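Enquirer: The structure follows.
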Amino acid sequence: MSMEKPPLASGLARTRSEQLYETVAADIRSPHGSMDANGVPATAPAAVGGGGTLSRKSSRRLMGMSPGRSSGAGTHIRKSRSAQLKLELEEVSSGAALSRASSASLGLSFSFTGFAMPPEEISDSKPFSDDEMIPEDIEAGKKKPKFQAEPTLPIFLKFRDVTYKVVIKKLTSSVEKEILTGISGSVNPGEVLALMGPSGSGKTTLLSLLAGRISQSSTGGSVTYNDKPYSKYLKSKIGFVTQDDVLFPHLTVKETLTYAARLRLPKTLTREQKKQRALDVIQELGLERCQDTMIGGAFVRGVSGGERKRVSIGNEIIINPSLLLLDEPTSGLDSTTALRTILMLHDIAEAGKTVITTIHQPSSRLFHRFDKLILLGRGSLLYFGKSSEALDYFSSIGCSPLIAMNPAEFLLDLANGNINDISVPSELDDRVQVGNSGRETQTGKPSPAAVHEYLVEAYETRVAEQEKKKLLDPVPLDEEAKAKSTRLKRQWGTCWWEQYCILFCRGLKERRHEYFSWLRVTQVLSTAVILGLLWWQSDIRTPMGLQDQAGLLFFIAVFWGFFPVFTAIFAFPQERAMLNKERAADMYRLSAYFLARTTSDLPLDFILPSLFLLVVYFMTGLRISPYPFFLSMLTVFLCIIAAQGLGLAIGAILMDLKKATTLASVTVMTFMLAGGFFVKKVPVFISWIRYLSFNYHTYKLLLKVQYQDFAVSINGMRIDNGLTEVAALVVMIFGYRLLAYLSLRQMKIVT
């Protein structure tokens, strides 16, 4: 029995099909067609209503299929007509749009866009679908080639009965909490595995554990890479993209990826080849238009969130990893950008890589892009298998959505124990009724705890054993390939000296904006001018003038002892996340980083003090002679480097800005009071503090430089040869830095 269509809709669809047929047929019969005054074909049907135009992507796909194009004036005319004529395929009231199949049934060769397509190509072509997109530049809309894979070690990852526990220390006792319980699964090269679950379900913990970034002392079960345990060699084969985009805000996109390439790519590649790899990754990720834009941060404008995420991914795929792990790569992105990010991961997987990603709440389009799925709930495994079979599995145990909903939302509701819009399995309902508990009073449905217990038990009894048996199958690799996974030797991308040079240059570029900010320059120069005005051409021929000038020298010692300390304490705490990330990836040796970090500040640190002394020295009437001027500047430089060392040590020991600032304030205040200007006679039992004060030694050296020809003792301070003070400052310079380095060595890598 056939159903009758509404007469209006039927007639409308037939009329428009006939109009389209007549338009195209007339256009084919006449190379130039019948044109109106504006150059538009007279037979073209007018755009009616709110119909949709042929999409840009659809047009590109059609043009890509054309076997050839006309040339000459005819081509120009047809292209002009094509630009002016937008064929609108209006959806009729029945909701059915004119499909490509119906166009193919016309049996015609399309020419209104300036190219010919035989009927057989039309009939063989696929329907228009936005799901066929490949990663493209979001702004420019240009297709990008797939990730150009190079030969790499394939990694077959298996994990069986994985557990993870942490000890929570309280005031009087400690409690052991289980984060993961009996997680099993596998993922092979060419596959994308998604880890799904509500917040706090253990997704990030499992991801870090699979990446080898969690100490094995607190884990249980087995994790194998090509049937071999984790080794340090694998660090150079694993890419790990953190949830937060840990990037330097003042570096451009190109600089960020270039430095990553120079540090991480093997020594066999030249500097130019590494630079070219960075440019290739920029092109692969569609970042050409923003490659010279700063990354940006909380206080610096930069690239967009989607571009920043792609830079983070580029930092990892630049090494051509065998295993790529990503923590929430779509977090904070719009649906289109998120889809393109997942499609990019598919391209990487298709090149023979193993890809694992956590995902919080994907759209339905994203969900169907994953090959495998792990669903976690309260640290337990609720499902592992093909993502396309997840709904069938839960339907088989009696859990089906009662309303139309996103599959991912359905699974997350189950993982949370929320079954308000989900059918209640009869077995679960009977169990709750028999126990007279585990039921919510308001809805009358089983409680989240009862739902969770049922789902865990259902998976363990129906699926778990079968999946565990599959893990026993050997991986399809020869023994030589397997043996590569067990090498214990690390593979540094470059030698120690090159690591130092690269990190030194990176540090200069990143912090050049901080040192020459208008606020800092204004602060230093305004202080210098005020000092110059207060001590304008002071006269040391009188005792009062000599004492006043000694006060100026003490202020210089205090100012350039105080200023560097509170700048340096921020160094390591602010870069802790970056240091954790790069050390976990074995990008460089800690010693190379530490030396580069502490020396890259020095060239910039000497510019402002030099300007300060040039203003103060000549305005206040200090000894006008090259010898005392340069000795005074050298003394201030020694004070700055020693004070920096103290700030670095405090910051590295505490790694907390609030605590470090408090401790630095107390320490600097103590050193200032013990500096020999305020208190002339210090009690013996506490007099040793002055010898730890860089203010004290700097003050004595400045007095010697200025007044060694005038007096033996000034303001209660005896002037000697100054070697003791120089030696004390040098010991502080190296001693404080050694303490800071040892503190960093003891710092655990937090993932």
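Just so it is clear, glycine is given a Cβ too, placed from its N, Cα and C backbone atoms.
Sharing the record's features from Swiss-Prot:
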- G197, P198, S199, G200, S201, G202, K203, T204: ATP binding site (BINDING)
- 157-403: domain 'ABC transporter' (DOMAIN)
- 498-707: domain 'ABC transmembrane type-2' (DOMAIN)
- 26-81: region 'Disordered' (REGION)
- 516-536: transmembrane segment (TRANSMEM)
- 552-572: transmembrane segment (TRANSMEM)
- 602-622: transmembrane segment (TRANSMEM)
- 634-654: transmembrane segment (TRANSMEM)
- 666-686: transmembrane segment (TRANSMEM)
- 722-742: transmembrane segment (TRANSMEM)
Enquirer: Go through 516-536, 552-572, 602-622, 634-654, 666-686 and flag the stretch with the largest number of C-beta pairs under 8 Å relative to the transmembrane segment (722-742).
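Expert: Looking at each of 516-536, 552-572, 602-622, 634-654, 666-686 in turn, the most contacts to the transmembrane segment (722-742) are made by 634-654.
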Enquirer: Would you mind ranking the binding-site residues S199, S201, T204 by how many other Cβ atoms sit within 10 Å of each Cβ and giving me the lowest?
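Expert: Relative to the other binding-site residues in S199, S201, T204, S199 has the fewest Cβ atoms within 10 Å.
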Enquirer: Which one of these stretches, 516-536, 602-622, 666-686, has the most C-beta pairs shorter than 8 Å to the transmembrane segment (552-572)?
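Expert: The stretch with the most contacts is 666-686.
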Enquirer: What is the average pLDDT across the domain 'ABC transporter' (157-403)?
Expert: 93
Enquirer: Can you tell me which parts of the same chain pack against the transmembrane segment (634-654), counting only residues 6+ beyond its ends and a CB-CB cutoff under 8 A?
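Expert: Tertiary neighbours of the transmembrane segment (634-654) are 556-557, 560-573, 598, 601-602, 605-606, 609, 613, 660, 663-664, 667, 694-695, 697-698, 701-702, 705, 726, 729-730, 732-737, 739-741, 743-744, 747.
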Enquirer: What residues, ordered by sequence, lie under 8 A Cβ-to-Cβ from G202 (ATP binding site) and sit at least six positions away in the same chain?
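Expert: Listed in sequence order, they are Y164, I179, L180, I183, L376, G379.
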Enquirer: Please identify which of G197, P198, G200 has the densest Cβ environment, defined as other Cβ atoms within 10 Å, among these binding-site residues.
Expert: G197
